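Everything below concerns the one structure shown next.
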Amino acid sequence: MIPLVCPLGVALLIMIAHHSVTATKQYFRTHPTNLQVLEGSEALLRCEITNLAGSVQWVKDGFALGFSEKIPGYPRYSMIGDRNYGVFNLRIHNASLEDDAEFQCQVGPAKNSDPIRTAANLTVISPPSSIDIEASSYGTIIAKQNNKVDVKENQDLMLSCTIANSKPAAEIKWYRGHVEMKASDNRHDVVIPLDNKRFTVSSNLTIKASANDDLVDYTCRAKHQALSPDHPMKSTVQVSVLKPPGEPFIEGYSKGERLRSGQEVELVCRSYGGNPPAQLIWYKNNRQVVSQYTTSGRDSASTYRFKVQSGDNKARLRCEASNTISDKSLKKELDLTVLFPPTQVTIAGPTEARQGEIVNFQCSSAPSNPAAEIRWTIDGRQKRTNGSSQIPSNEGGWITTSNISISVDSHKRSFSLLCQGINMQLADNVMTTHMLHILYPPSKPVISGYIEGSVIPAGSSQKLLCMSSGGNPPASLIWFKNDKKINSQTKTINNSVQSELNIIANITDNQAIYRCEAQNSATDVPLLDSKILSVHFLPETLKIRVEPKALTAGTEATLFCDSSSSNPPVRLGWYKDGIPMMSEGGVTNQPGLWGGKISSTQVKLNITQDMNGVKIACQGTNEALQRSINEAIELQVLFPPKFTPPPSSTAVGIEEESLVISLIATGNPSNIQYTWTKEGSPLEDHDNQRIIIDGPTLNFTKLARDDSGLYTCEALNSQGSATINITVVVE
C-alpha cells in the first residue's frame, strides 16, 4: 500500500465517512490520464471513485492541495464534481508553465478500506512568441527592405532563423520557394534552453547566391504541437541577386537611315537583366540629353524624343547602361544622317558705289545636305555667276558660295540683288536681297540768318540755318563751334537738307566760328560754310583793390578798379557815397578773353579818421549796350579807442545800494579790451559778486563806504589806448 502524502509535514487527517460502512473496498472508477494542454487554456484531470469511504485530495509534485473545493493559494485551481457519485475532478483555469507537473488523486483510508491513489502528468505547451530571419554575408548584417535582401552573385549568404520562447523546443523547417529543403552541411541548428522552461531555436542556412536564386523566397517555418497546421508560424525573405545589366540596344533607327530636318524621331534604349535595373542615360555629342528611364522587373527602357534639326547631321548618340555593381558603363552608339536645306543665304558686298566702279558680291549659303545650288537675280533678271564652290561645314553638310560682278551705270540710282539657295533633293529654298546705292556728292552748304560784322547783344537769341541740296544719299549736316561739335536736328525738304541752330548769345560767342559741314558717302572731305559772330557783352565782374591794405589816418591810399573782359570796353567811373570822384590817369584797356578788353582805372585818397565806413563805388558802363555794372567797398580806417565823455565825471551812490557805471569807447578794430583800476591799483571781480566788471561797465551790487575813490577805465586795441577817470562818492 502507498502511504498518503501529508502537506507541509502535517499529519494527514483521516476523515470518517458519514455513510454506512460496508465490506466493499473503495477503488478508482476513472483514473486521471496524462494530459497535454495549451498555455492559457483549461485543464481538467478526472478522478472518480466507487465505494468512496475516505477523504479525497489532489497532490501536485508531492505537495497536497487540500480537501476543499477551492484550493488555498491556487486561485486558478478548483476541485469539481459530486461526492455522492465519487467524482473529484481537478480543473485548472488559464494553464501556465507553472502547472506543468505530476498530479495525484489520493483517497484516504477508512474502516475496511485502505488508502488509494493514482497519478497523471499535466504537460503545458507554449507556442513560439516570434520567428525572424536575419541575413548576413561574411559577418556583416544585410538590412532587409520589405523582407528582401540584396546579395551579389557568387557571394555567400547566411540566413539565420530564430524561433523564440516555445515549449517544447520548436522544430525548424526551411523552404526554397514551396519546396522543403533537406538537412545538409550548409545548415546548422542550435537549441537554447531558457530559465522559464522555454526554448529558443536558431538555424543558420548558408547559400552561395547564383542567378537562380534571384527573386526566390526562402522561408523558415516553425513546427510545434501548439501551432495549428492551418495557421503556421513562418518568416520569409526574398533573395535579390545583384548583377550588372545586359548590353544596351537602341530601337527606332537603322544604320544608314536618312532623316529629314523637322522630322519627329523617337528612339528607345533598352537593357535587360540588371539587378538593380540599369540606369540609362542618353548623350548627344557627349552632352547629356535624357536621364529619365522606366523599369519593369529587371529590365530598363529610356525614350529619347526629338525634332530633327540640321545640326543633328553626323551627331553621335550614345546610350549608357550601368547599375551600382557594374564596373563600367555599357554603351551603344549610333551616328545620324540628316538631310536639310540651308537656313539662310547671305550676300557680302558694299551697299554703296560710285559711278564707273565695278563691284563684286558673294552669296554664301548656310550648311545644307546635300549642297545647295545658288542662283542670282539682278533688278528682276537672272544673272550668270562667276562660278560657285562647295566646302564641308564643321556643323555637317556643305556651304556653297557664288560670286558676281556689277558695273555701275551712270543712269542708275540703285541696284536690287536677289540670291536664292536651293536644296534640289528636298525642294526647299531660301533667299535674301541686297541693295546697292549709287553715290552722288551734295552741294556746298550755305549758312543764313546772320551777316558777318553785325552785332549781337549778349543774352539775345540768334538763329543760324544751314542748307545743302542734292546728293545720294542726302547729306549729313554737322554744326561746329570753334571745332567743337554741336548737337542739332536735321530735316529734309524736297531734295534739300536743313539744320537750324537756336543760340542765346553769350560772351563765348564773340569771334566764335560757327561752321556747318555737309558730307555723304560720295565726299572724300566735308563741304563747309562758316560764320564769325560779333557779340557785345558787359564785363562779368568789377574788382576794387586798396593799397595799402591797412588804412590809417594821415596816409595816402590808392584805389584800383579792374573790369573783366568787355566788348566794347567799358567806361569806368568812381563814386564816394554816391558823389562822382575824379580818377587819376583816366582808363586803360588791355586785350581780354573772348575778343574783349580789360579796363582799369585808379583814384588816390588822403585818409582821415572820419573816412572810416565811407562807401567807395566803381561803375563800368558799356555804352553800346547802354548797361552798367557796379562794385562798391566800405573803407576801413584804423584808429585807437576813444571814449565818449559821460554826462558827469562823478558817480554818487548810497551805501548798501547798487551803482552801475557804463562807459562807451569806439575804435577800429572794434575788438577793444578794457581794464579798471582804483587809485592806481587793478580792480577785479569780488568773489562775493559785490563788484562785477563787464568790459566798460562797472557794477556795484551793494555799495560800501570804502568803495569811494577815483576809478580809471583803460580801452586798448591794436592801434593804441585811451583812459577816462570816474570819481565814486558813497553817501
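The backbone N, Cα and C atoms fix where each Cβ goes, glycine too.
All annotation found in TrEMBL is predicted automatically rather than curated by experts.
What TrEMBL says about this protein:
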type   : residues : note
SIGNAL : 1-23     : signal peptide
DOMAIN : 26-123   : domain 'Ig-like'
DOMAIN : 128-240  : domain 'Ig-like'
DOMAIN : 248-337  : domain 'Ig-like'
DOMAIN : 341-420  : domain 'Ig-like'
DOMAIN : 445-534  : domain 'Ig-like'
DOMAIN : 539-630  : domain 'Ig-like'
DOMAIN : 641-729  : domain 'Ig-like'
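Per-residue pLDDT, averaged along the domain 'Ig-like' (128-240), amounts to 92 for this model. Summarised by DSSP class, the composition of the domain 'Ig-like' (128-240) is 3 helix, 69 strand, 41 coil. For the domain 'Ig-like' (248-337), the number of residues in each DSSP class (helix H, G, I; strand E, B; coil) is 3 helix, 51 strand, 36 coil. In the domain 'Ig-like' (341-420), helix, strand and coil residues by DSSP number 0 helix, 48 strand, 32 coil. With helix defined as DSSP H, G or I and strand as E or B, the domain 'Ig-like' (641-729) counts 3 helix, 52 strand, 34 coil.
Helix, strand and coil counts from DSSP across the domain 'Ig-like' (445-534) read 3 helix, 52 strand, 35 coil.
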